[in-house]
Amino acid sequence: MVAKFVLAALMAVTVMGAPRPDSPPSYGPPPSYGPPPSYPAPSYKEPGMPFDFAYAVKDDYKGVDFAHDENSDGHVTSGSYRVALPDGRTQIVTFTADHTNGYVAQVNYEGEAQYPETKPYAPSAYAPPSYGPPTPYA
């Protein structure tokens, strides 16, 4: 009996000595840091590089027709591209781009839009399938 009492007392002392979860943790003073390092301001504008490229795809069987050509002297970029639109017209965009004026485009269309005749909806001529009662499981 005495051993049980001593064991219970030791458990109570152990529990009372443990830190309570509702008390905030104690920390030391904050660390002291030196002054932040100084870096040069970043420079994002890099000099332009001259380039020139062009490509074109034309497939009469599939109806694909587009092209793009572009060139730059390192300061001003100019070019054009053309696309065959689904309505039968061809869209031609001629553009220039630089750091002063931004992107300036001239859009032109060749041809006239053609829209196919729409047909009214007609339901299927077939009857819907008829299903019998489900087969019972054995």
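Any Cβ shown, glycine's included, is placed from N, Cα and C.
Checked against TrEMBL, the range among 95-116, 117-138 recorded as region 'Disordered' is 117-138.
Residues in the compositional bias 'Pro residues' (21-40) partition by DSSP class (helix H, G, I; strand E, B; coil) as 0 helix, 0 strand, 20 coil.
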